[in-house]
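Quick look at what Swiss-Prot annotates:
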- Arg78, Arg103, Asp130, Pro131, Met132, Leu133, Ala134, Thr135, Gly136, Gly137, Ser138, Asp199: 5-phospho-alpha-D-ribose 1-diphosphate binding site (BINDING)
- Ile193, Gly198, Asp199, Ala200: uracil binding site (BINDING)
Amino acid sequence: MKLVEVKHPLVKHKLGLMRAADVSTKHFRELATEVGSLLTYEATADLETEIVTIEGWCGPVEVQRIKGKKVTVVPILRAGLGMMDGVLEHIPSARISVVGMYRDEETLEPVPYFQKLASDIEERLAIVVDPMLATGGSMIATIDLLKQKGCKHIKVLVLVAAPEGIKALESAHPDIELYTASIDDHLNQDGYIIPGLGDAGDKIFGTK
């Protein structure tokens, strides 16, 4: 599995602001979008381009355009919605595919409760977004679902990742790419990433 920890100073600065205990909902939400945008920039650096000729202000001019790669952004409900706009800033034509997961209280396994995927997802690059990669269970289940629907090209963007989640994701899906703003220290006994961001969903949506 390709693993990229984006160490750009802007990413580190903005993530540091998100870690503050007193960060407001508005600021956290804005920062999630901004860091998502910066991660998208890194994750799409290998998109193939082609030369096309257009009519410029002074006549015909050759320009580069993305070559034939259709994209769908896949936010995992609900926290993933907080990063979605950051992807769409760069790829406004991307289709949106939504996956909802909940954790079974007895088995502790993720269970999909909602999905609405692009009808031609097998032809698209899927960019899956979720702020946290903790145990990796929800992400693995989401990628399982995408592959079942025929999706072959998958990249994952997360704000923070725990080593435990990275290991689990690599074991389950070694063919995907993972981009994160930070590889944090560990998971605590309650499954929270340390130092992490706390409950990213609550902070994005202003709920407790």
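Our numbering is plain: 1 for the first residue shown, then up by one each step along the chain.
In case you wondered, yes, glycine gets a Cβ from its N, Cα and C as well.
Structural mapping of features recorded in Swiss-Prot.
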{"residue": "Arg78", "record": "5-phospho-alpha-D-ribose 1-diphosphate binding site", "DSSP (3 states)": "coil"}
{"residue": "Asp130", "record": "5-phospho-alpha-D-ribose 1-diphosphate binding site", "DSSP (3 states)": "coil"}
{"residue": "Gly136", "record": "5-phospho-alpha-D-ribose 1-diphosphate binding site", "DSSP (3 states)": "coil"}
{"residue": "Ile193", "record": "uracil binding site", "DSSP (3 states)": "strand"}
{"residue": "Gly198", "record": "uracil binding site", "DSSP (3 states)": "coil"}
Among Arg78, Asp130, Met132, Ala134, Ser138, which are recorded as binding-site residues, the nearest neighbour of Asp199 (uracil binding site) by Cα: Met132
For Asp130 (5-phospho-alpha-D-ribose 1-diphosphate binding site), the one of Ile193, Gly198, Ala200 that lies nearest, given that the binding-site residues are compared by Cα: Ala200
Other CB atoms within 10 A, centred on Asp130 (5-phospho-alpha-D-ribose 1-diphosphate binding site): 27
Sparsest-packed of the listed binding-site residues (Met132, Ile193, Ala200) - C-beta count within 10 angstroms: Ala200
Whole-number Å value for how far Ala200 (uracil binding site) lies from Gly136 (5-phospho-alpha-D-ribose 1-diphosphate binding site) (Cα to Cα): 15
Any further residue of that chain within 8 Å (Cβ to the Cβ centroid of Ile193, Gly198, Asp199, Ala200) of the recorded uracil site: Pro131, Met132, Tyr192, Gly196, Leu197, Gly201, Asp202, Lys203
